[in-house]
Structures are given as C-alpha cells and as structure tokens.
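Student: The structure is given below, and queries will be raised subsequently.
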2 protein chains.
Amino acid sequence: MQATQENPSADAVRHTVNIELGDRSYPIVIGAGLLGHAQTYAGLPKAHAAMVVTNSTVAPLYADAVCAALSALYPHVGRVVLPDGEAHKDWTTLNLIFDALLSGASDRKTVLFALGGGVVGDMTGFAAACYMRGVPFVQLPTTLLSQVDSSVGGKTAINHPLGKNMIGAFYQPQRVVCDLDSLKTLPTRELSAGLAEVIKYGPIADMVFFDWIEAHLPALLAREPAALAHAVRRSCEIKAHVVGQDEREGGLRAILNFGHTFGHAIEAGMGYGAWLHGEAVGCGMVMAAHLSQRLGLVDEAFVARLTRLVQAAGLPVRGPALGADRYIELMGHDKKAEGGEIRFVVIDGPGRASMRPAPDALVREVLARCCD
Amino acid sequence: MQATQENPSADAVRHTVNIELGDRSYPIVIGAGLLGHAQTYAGLPKAHAAMVVTNSTVAPLYADAVCAALSALYPHVGRVVLPDGEAHKDWTTLNLIFDALLSGASDRKTVLFALGGGVVGDMTGFAAACYMRGVPFVQLPTTLLSQVDSSVGGKTAINHPLGKNMIGAFYQPQRVVCDLDSLKTLPTRELSAGLAEVIKYGPIADMVFFDWIEAHLPALLAREPAALAHAVRRSCEIKAHVVGQDEREGGLRAILNFGHTFGHAIEAGMGYGAWLHGEAVGCGMVMAAHLSQRLGLVDEAFVARLTRLVQAAGLPVRGPALGADRYIELMGHDKKAEGGEIRFVVIDGPGRASMRPAPDALVREVLARCCD
C-alpha cells in the first residue's frame, strides 16, 4: 500500500509507514477521513465474517461508520462493545470477545478490528492471537497514545492482579489505520497522555524530533492537523525502525519502555485506571531521567528540559507517595526484571538509550526526589 | 541431541526423533528412566528459575524426582499442582499457573516443565506462550496419548464452554521427553485412550504401521516395553513429518485430526471429562471411516477392520445418543468449520487422508448408523 490521495474527502496529507518484519510486515496508514471508507480496508484477508471490537466510549462515535464500510467487504460484520478503561483489561473482559466470536458467525478466518485506544488494541490483539490459535486482526487506533505507540509493533496483553501486561503475545496486525480525525474527539487528558509517548521518542532516539516537539507543543495541544500528522508519522517511523530490528524485545526494543518501569509501578500502585498509562509514563520518564543523571549519563540541564516539556504537555512530573519499598516491590514484578534484578531504561546521552540495573540506593534517592 | 546410552540405569533403547521447524526445531527423546536424571535436562535454556506444572494424580508419582533432577540446573525450582482432568482445562486453572509464577521467583526467562498428560501439556504450553508474552517450556508427557500426540507439535490451548481448544496458541516446546517407565503406572482406560491416537497414524499415513499395531496389540495392552517403545517412536516420526511440513495447520496437518470432528462433538456433548479424549477419538475414527465409505473412498472391509482394532484396544465404537441435530451443532463450532461448512478428515484410501465437506444427509446417515 503506497501513499495515495484517491479519497477526495480526506486531507491531502496521507502517509504510509511500513513495519518490516519479513512475512509479518504491514503498513501503518496515517491520514484523515479513513475510518468510514471501504477503500481503507481494501486488500485485507478475505473472510466470511469480520468482528469489530470497541468500547462503550468509542462505539457511539465511530462503530456504525466502520461497520458500514466493512459490510462492503465481509458478508457478516459483528461488533462487541467492551467496558472502557484500563481497569477492564482483564480476562473477564477478554472473554466477552471470545463469547461474541463463538456465539456468532465466526470461524478460523474471521478478521478482528480493534476500534479504540490502547486497551481495546491490546485486548483485541491478544484475542486474535488466541482465538482458534490465531486469526488476523487490524488496528484502528482512535487515541493519540495508541496511534503513536501501542497499536504498532504487535505487543498484545491483558493485566494480572500482580502485574501489568503479564499475560499476552507478540502478534502482528495485518494493518494499522491511524485516522487523525478521531483525535478531534479525544478528551484533553488523553491527548496529554498520548503526548507522553510522542515525547519519549526524542530522548531515546531523535533529539531533532525533541526540538520539534518543544517548538510545536502549542500546535499539538491545539490539535492542529499538520502538527498531529507529523507527530504521529515521526513517532511511527521511529517505532517501526526499532521493532523492525528487534520484534520480540531481545534487546534494543526495550528502549521503547523508557519511563515505563517507574510508570508501571505508579499504575499498579494506584490501581489500574487511576492514572492514565501516558500520565504514568510521563512522570516515569522524569524519574528515569533523574536516575540517568545520578548514573552520570546526562546533566541536570537535560533533566530540567525534559521535565519542563512533560509538564507543559499537561502531564504529572511528581510521583504518588507509595513509599520507596512499595515502588521497588512493584518494579520487581515488571517484565524488565530478570533474576531478581530490576533493570531500567536510562538515557545514555540525549537521543540514545540503554538498559541497565541501578544500585538500590540510587533508585531510592530518585524516589525521594521525585515523589510527593 | 543424538541417541545415547550414557545413563546406565536406562534401558538400552533410547530414540531421538527430531521435529524440523527451522529455529524452532527440537528433539523428542524416547526411553526409560529419563525423568529423574539431571542429564535428561542438559542443554536446556539457562534461567534463574524453573517451574514444574503437574496435576494431583501425577505429582505424587514423579514430581519429587523431576524437581530434584532440575535442582542441579536451576537455582529455584517451583511447582504448581493443578486439579486433574479435561473438565479443568479452563481459564481458572490456567490462572493457577500465572499466580504461581507471579508469586514466586520467576522472571521472563523462567522455564516451565509440563509433567503429566495432554491437559497438563496443553495448559502449560499455553501458559508458557502467554506468560510475559512467551517463556520457554519443556514437555514431560506421562501418558501414552500425550507421548504419541499432544506433547508433539506445539498446539496448546484451553477449552471454552462453547468449544474445545478454542483459545490457544501454536507454541513449540524446547524438548519433549517421553519416559516409557511412566506408562507402567497408567490406568488401563488411559492406555486404551492413548492407543486411539496410535491407531490413528495407520489409516492416515502408514498401513504397514497399522499391520504392526494389529499384530502387536496384545503386547501393547500388556505394556511390553519394546512394543511401547516402537509405538511411541513410529507415532512421533509420523507426527514430526506432518508437523514439519505444516506447523500452523494451513492444510496437511489437519489430517492428524482424523476422528476428531466427531470426537470433539462427543466430548463437548457429554461434558468434558465424561469421555476421555482418546475414547472419543476412537469412536470418532469409526464414524469418520463410515463417512469415508459413504463417500466412496474406502470399502466396508476397511471400516470393519478399523472398527475391530479400535474395539480390541478397549475403546468405544458406538457414539452416545446426543441426537443428530446436537452433533451437527457441536461440529459446527469445531475449528475445522469454515464459513458455516463442516469439514471432515476422511480416509482417501487406506493410508491416505484428506479434508472435505460432506453432505448433511450423509453425516446424518453415519450418526444414525453409529450412535446408540
């Protein structure tokens, strides 16, 4: 699928970023006016049935349009509406998808469509990975966070009471469709949460992009289409480059988790859903930057600059008062822990990240410095 | 791993059958006295922790010996004991494995060991596929059925109330260890159930093996080690050959499901666990043979010969009285159904199988002929 402009109602801007993974390669299509057009879905696997998985917030906005467009390609188009929110990213909710599939007209070729944010995408992807040992699925991310991060790269999962994303699969979608129009209806708090993952790509990979975000933050917060289009495109390019080199997170891919070890502890410690994932990651990046500074990898000016940008994006920069012991306990459950040692993504000089363990005392210093 | 005889307490007979799947290749090691020897586990992935998953029947027999042997290689060796039986092959039981992993010393390199029959193997494999998006696992099948079929080939799954094995993954083990000594403690009913899958390999792939089974059935039922060793080895060879050509069941692999479409309907219709899987498959093969005959593919003598062997193995050859409508409804949920059409594995002449749909009327004739 090449960048095209055949849809007269769409903005002139349409980009395609390809994820190169051999026979699991797929395109990320970025543009406006995409969700409701049958052309958007041309060339996907043929099947007797399609199933749109969405949530109670997104369904009233886009589900009818998507189902209508899919009806041109699939004889049966079903839908299942999940409760909204990270708190529902569990087996009980996942089973609603299986129930709908097994009660309906589905078979082992049925194509699933994940219409919504990161939670819908993660759950639909995991359902597709497991249903009859694997059916095709398509990501239709409707939040900034899912467009720039979670819908891309094939990580799918549900949460376990003892840890976030502990049960899941690496399972690549057939296509990702980022309709920029869907960002118009996004609550401000979720726009900010998405910006956390956009900002992330600067320190770990591209300080020119970081400069650009600093300069264009007002435009992004004002949802100017050209600014959002560039932010989504560049984020997807960086993620595609990283995932193309390390699909299953044997090494490099872990840098995408900058801010996530602290962030996951905040999310789990506060109870899933109290903090948005992007909020926890924003705050977690500030904490990870402080840790990098204490390890002698970046200077105070860099930490201050990152902190200012995170704060200006509308995100928290101070962690909740969980207590250092609880933070460390929660981080020990994180998937990045190995052999009992907690490993952190640190900034190895602006624009470059790496993973390493950190002395307990330094981590406690950071927690004391960054938490209420 | 080559066939070796370095373990003086083992029988002289030890075979290795390799599953050739590129970087997912692995050996099936077949012999006596394997489970309790550290040498059996040499060369497996190194890790901080190993977790033995077993059930309440098998644990008292072999878990201590396996854990002791693994202690030579892994600093932490945990175990989790599941309730026994197909009725427990569900999410609730699967979650016991996740709970044990997340409460213990495990991390993303922890190696799982499935010690038990097909249910333990399917659940442990699926847990390994999903835990932290994938950790290594090893199959230690202790029943004839799991040694000749379910532990080999990477199919893992749990059941859903609306269908057997509906939620799962293709996920290959690192190694399969078939300890023939474990067959000594197998209940007679389970020995017969395992013979169903052994018999299966004849009609679908190798009538010379079928002749051998007919000739050696008394020896197999008497558990003569040499006969069991040959049955396990030849079954694994045939399965390895099929799986090596079609890992994800795009086509050929489906022939391994001979008898399973009818069989799954029996299992689901009677409630999982009422009939053993092998019992249902034995009866299902007789039904599928009748269907093959009605399709003009085999003659009555072949059907009679297969029926005699299944019956002589101690397996049922008549289906329960579920009613034809219920059978057809249940078979419609089977994974082999596509686009609403039920497809059957039929014998296309002795020693050769294929998949095809069958007219509803013929299926009803078979059900009328074969059910009480």
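Our numbering is plain: 1 for the first residue shown, then up by one each step along the chain.
Every residue, even glycine, has its Cβ placed from backbone N, Cα and C.
So TrEMBL lists these for the protein:
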| type | residues | note |
| --- | --- | --- |
| DOMAIN | B:80-192 | domain '3-dehydroquinate synthase N-terminal' |
| BINDING | B:84-89, B:118-122, B:142-143, B:Lys155, B:Lys164 | NAD(+) binding site |
| DOMAIN | B:194-337 | domain '3-dehydroquinate synthase C-terminal' |
| BINDING | B:Glu197, B:His260, B:His277 | Zn(2+) binding site |
Student: Sequence gap of 6 or more, Cβ distance under 8 Å: name the residues on the same chain that satisfy this around B:Asp122 (NAD(+) binding site), in order along the sequence.
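Tutor: Sequence-distant Cβ neighbours: B:Lys89, B:Ser150, B:Lys155, B:Thr156, B:Ala157, B:Ile158, B:Asn165, B:Gly168.
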Student: How big is the Cα-to-Cα gap, in Å, between B:His277 (Zn(2+) binding site) and B:Val120 (NAD(+) binding site)?
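Tutor: Per the Cα atoms, B:His277 (Zn(2+) binding site) and B:Val120 (NAD(+) binding site) stand 13 Å apart.
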Student: Which one is it: of the binding-site residues B:His88, B:Val120, B:Thr143, B:Lys164, whose Cα lies the shortest distance from the Cα of B:Glu197 (Zn(2+) binding site)?
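Tutor: Nearest listed residue in space: B:Thr143.
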Student: Just name the binding-site residues among B:Asp84, B:Val120, B:Lys164, B:His277 whose Cβ comes within less than 8 Å of a chain A Cβ; none is a fine answer.
Tutor: none
Student: Take every residue in the domain '3-dehydroquinate synthase N-terminal' (B:80-192), average their pLDDT values, and give the whole-number result.
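Tutor: Averaged over the domain '3-dehydroquinate synthase N-terminal' (B:80-192), the predicted model reaches a pLDDT of 95.
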Student: Which of the three DSSP-derived classes (helix, strand, coil) applies to B:Lys164 (NAD(+) binding site)?
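Tutor: DSSP call for B:Lys164 (NAD(+) binding site): strand.
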Student: Would you find the one among the binding-site residues B:Asp84, B:Glu86, B:Glu197 whose Cβ has the most company, meaning other Cβ atoms within 10 Å?
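Tutor: The residue with the densest Cβ neighbourhood is B:Glu197.
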Student: At the level of the C-alpha atoms, what whole-angstrom distance separates B:Lys164 (NAD(+) binding site) and B:His260 (Zn(2+) binding site)?
Tutor: 11
Student: Within 8 Å of the Cβ centre of B:Glu197, B:His260, B:His277, which other residues of the chain have their Cβ, at the recorded Zn(2+) site?
Tutor: B:Leu145, B:Asp149, B:Ser150, B:Ala196, B:Lys200, B:Gly259, B:Gly263, B:Gly278, B:Ala280, B:Val281, B:Gly284
Student: Round to the nearest Å and give the CA-to-CA distance linking B:Thr143 (NAD(+) binding site) with B:His260 (Zn(2+) binding site).
Tutor: 19
